[in-house]
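K.L.:
For reference, the structure I am asking about is given below.
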Amino acid sequence: MSDIEDNDGDEYDELSELRQRHKPESQPSVDEAFDLDDLLPTIGEFGKYQKLLVFGICLPACIPCGFCAFNQLFMADTPDDYWCRIPELLDLPLEQRKSLSIPKELDNDELVYSKCYTYGVNWTQLLESGEEDDLTTMEPNASWPLIKCPQGWEYNTSVVWSSIVIDFDLVCDQDIYPTIGLAALNTGGPVGVYLFGLLNDRGGRRLSYFVCLATLLAGSLMTSLSKDFWTWAGSRVIVGLTIPAVYQIPFIISLELVGENYRSFVTVMTCTFYTSGIMLLSGVTYLERDWVRLSYITSLPFYAYFLYMFVMPESPRWLLMRGRLEEALKILERMAKVNGREFPEAVHLKLEAQIRRDKLKKQKKKMANVGLADLCRTPNMRLKTILITLSWFANETVYLGLSYYGPALGTNQYVSFFLSAVVELPSYLCCWYFMDTWGRRWPLSLSMILGGVACVITVMLPDDAVDETLVLYLVSKALLSASFLIIYPFAGELYPTQVRGIGIGASSYIGGLGLIGIPFITYLGKDNLKLPLVIMGFLSMLGGMTGLRLPETLHHRLPQTIEEGEEFGKNWQFKDCCRCAQKPEILSQPASYENLDVLAGSSTNASEVELELRDSRRVREPAPRIDERTPLDTTASGSGRPVHRPSMKRLVRQMSVMDTQRTHDGTMQLTHWI
């Protein structure tokens with residue numbers, strides 16, 4: 001029965017091909033695959049237009065994005081010393097006031113003034129019954145009862161001048177409230193990613209970005225005007241809705257308009273500028289320690305980004321997806337003009353064919369009805385989905401937890417926070433190199449395991465080893481930053497094209513749940529400074545070990561269907577996790593869509609350009625069995641000739657609207673999956 005179906009399919013394909021041959025030349029076939037990546041080598045992959053876009057819009061927009069994510073650490077800073085406020089004794093000198101009204105308690109084998117208790121006596125009556133000279137020599141009576149601070153606290157403001165902790169008295173029984181506020185910020189993230197993702201797809205990149213800016217500024221303004229904790233926490237949820245959308249949207253626009261050979265550069269530069277913004281935040285918070293003014297200052301740059309309304313282009317890919325051909329052509333023609341290139345006239349017909357084909361694809365996708373359940377339907381896909389999600393959860397949770405915990409270490413919180421950002425920069429560059437030489441699995445697992453070990457061994461240091469603890473923390477932060485950059489492309493390569501968006505979305509959402517819980521882990525450091533590091537260290541090592549079981553993707557053809565995804569890595573053996581990826585010998589360049597040198601030639605004939613843009617006719621070949629050891633380029637059995645995969649063009653483009661940079665053998669290189 002299956003043979004009959006195969007024969008019918010072959011006859012149908014031959015008939016379809018025959019019809020396509022006899023179509024008029026002026027009517028492009030719906031089957032003709034066209035992508036902007038075909039056109040960019042002709043009109044400029046990274047010309048003047050893209051440079052203005054990246055360096056004038058994308059990268060400047062990334063700098064203050066860390067402000068709204070981490071300024072809360074300093075807005076909710078707790079002074080080192082505080083004690084019960086006794087209004088009746090405010091006229092007395094500080095030391096006399098504390099010695100009379102505050103009991104002492106044992107802390108680390110040292111007697112210190114209590115932070116949460118005072119003597120429960122009638123101070124007004126006591127003052128009226130005594131003489132002024134008696135007050136200077138009066139000592140607390142051991143029989144006086146102890147009560148919790150009934151009228152608030154006084155604070156030592158020598159380091160922390162102003163914070164919500166001081167204004168709202170969030171200490172003692174309410175000292176967990178700043179942690180709740182941090183969890184509220186992270187709660188908004190997954191919701192915002194979903195909402196702005198919908199707006200991004202339906203309303204366009206420009207509209208989504210400016211709505212995101214307006215939402216962030218509204219939340220920041222509410223933050224500054226808050227008069228109680230719960231209003232402040234609610235405003236942080238609104239700010240959290242825009243994290244990380246406010247960072248991702250201009251990044252997406254840039255990636256969609258630059259050529260494939262420059263997307264890795266844009267990705268690394270984006271991460272670098274984002275980290276530079278975090279470094280800048282440490283200086284801003286050092287100079288401005290009033291939390292209300294800090295909220296205003298850190299939101300101020302986002303007002304300037306509304307000027308982008310006059311210069312930020314809409315994504316041509318999104319316009320084509322929505323069938324808005326003329327608007328897309330106008331942007332592409334302007335890009336070619338600014339780059340000093342000629343725009344091929346034949347592209348207009350190709351774009352019309354692309355729009356018709358995309359509509360057919362959407363109809364077929366609706367009929368296919370692939371969902372989240374397909375990730376767990378077969379055993380190998382189910383195992384890989386679980387492992388990817390666990391590794392993602394551990395990676396994202398520990399990375400953010402370490403970022404939050406930096407100010408708590410060392411002798412100066414501003415210096416510690418600055419150093420925690422500085423160590424990310426070299427880790428990105430090292431990660432970029434090792435990903436494309438050692439593969440994805442080993443750099444990911446090794447960085448997470450070693451980073452976890454660096455956290456755990458802090459428990460072996462004495463309590464007074466402040467500098468040594470900080471050094472181990474910085475080593476761990478650098479390693480986790482590298483792994484944080486790897487997990488996105490690795491997951492994107494492991495999930496089959498058919499369910500890639502669903503898989504990445506599911507893993508990132510589950511990983512986002514860890515961001516809500518990690519503030520409560522760092523809260524444990526109030527009683528034991530090293531306990532959060534130990535917990536995050538074990539979680540990081542667990543995530544790194546789960547990554548070893550995943551199949552390597554470097555130099556392997558990526559799975560497209562769920563069936564191929566089930567086969568990929570199915571024959572995994574223990575020895576596979578003990579070796580790095582080996583680069584296969586490339587006998588010749590494959591016939592893939594990356595070989596677009598002809599488009600960059602000097603041909604000016606429109607018909608020639610149209611032929612150059614047209615796909616080569618695909619030849620039906622039996623689908624090979626795909627497993628972890630299947631290289632991208634194979635040779636014909638016994639012939640020694642390379643068997644090219646003419647379908648590579650369609651294979652790669654189905655992966656994402658942000659196609660990943662590849663080497664000449666088609667291997668995916670570093671990118672940031674959204």
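Cβ coordinates are placed from backbone N, Cα and C, and glycine is handled just like the others.
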K.L.:
Is it true that Swiss-Prot lists GLU288 and LEU494 in the same topological domain, i.e. on one side of the membrane?
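P.N.:
No, opposite sides.
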K.L.:
Can you dig through Swiss-Prot and tell me which residue of ASN141, ASN605 is labelled N-linked glycosylation site?
P.N.:
ASN141
K.L.:
Count the other Cβ atoms sitting within 10 Å of the Cβ of ASN156 (N-linked glycosylation site), across every protein chain shown.
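P.N.:
There are 12 such Cβ atoms around ASN156 (N-linked glycosylation site).
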K.L.:
Considering only the recorded stretches 179-199, 470-490, 501-521, 528-548, state which has the highest number of Cβ pairs under 8 Å to the transmembrane segment (442-462).
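P.N.:
Selected stretch: 528-548, with the most Cβ pairs under 8 Å.
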K.L.:
Relative to the transmembrane segment (265-285), which of 54-74, 207-227, 294-314, 470-490 accounts for the most Cβ pairs at distances under 8 Å?
P.N.:
54-74
K.L.:
Please identify the stretch among 179-199, 207-227, 237-257, 501-521 with the greatest number of Cβ pairs below 8 Å relative to the transmembrane segment (294-314).
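P.N.:
Per the Cβ count, the answer is 207-227.
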K.L.:
Just the number: how many Å between the Cα atoms of ASN156 (N-linked glycosylation site) and ASN141 (N-linked glycosylation site)?
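P.N.:
Between the alpha carbons of ASN156 (N-linked glycosylation site) and ASN141 (N-linked glycosylation site) there are 26 Å.
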K.L.:
Sorry to bug you, but what's the C-alpha spacing from ASN122 (N-linked glycosylation site) to ASN141 (N-linked glycosylation site), rounded to the closest Å?
P.N.:
13
K.L.:
Using DSSP with the three-state reduction, classify ASN141 (N-linked glycosylation site) as helix, strand or coil.
P.N.:
coil
K.L.:
Sequence gap of 6 or more, Cβ distance under 8 Å, 3 or more pairs: do the transmembrane segment (386-406) and the transmembrane segment (415-435) meet that?
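P.N.:
Yes, since the transmembrane segment (386-406) and the transmembrane segment (415-435) share at least 3 Cβ pairs closer than 8 Å, they count as touching.
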K.L.:
Grab the same-chain neighbours of the topological domain 'Extracellular' (407-414) for me: Cβ-Cβ under 8 Å, and only residues 6 or more beyond its ends, written as numbers and ranges.
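P.N.:
For the topological domain 'Extracellular' (407-414), the list is 73-74, 77, 282-283, 285-286, 466-467, 469-470, 473, 522, 525, 529.
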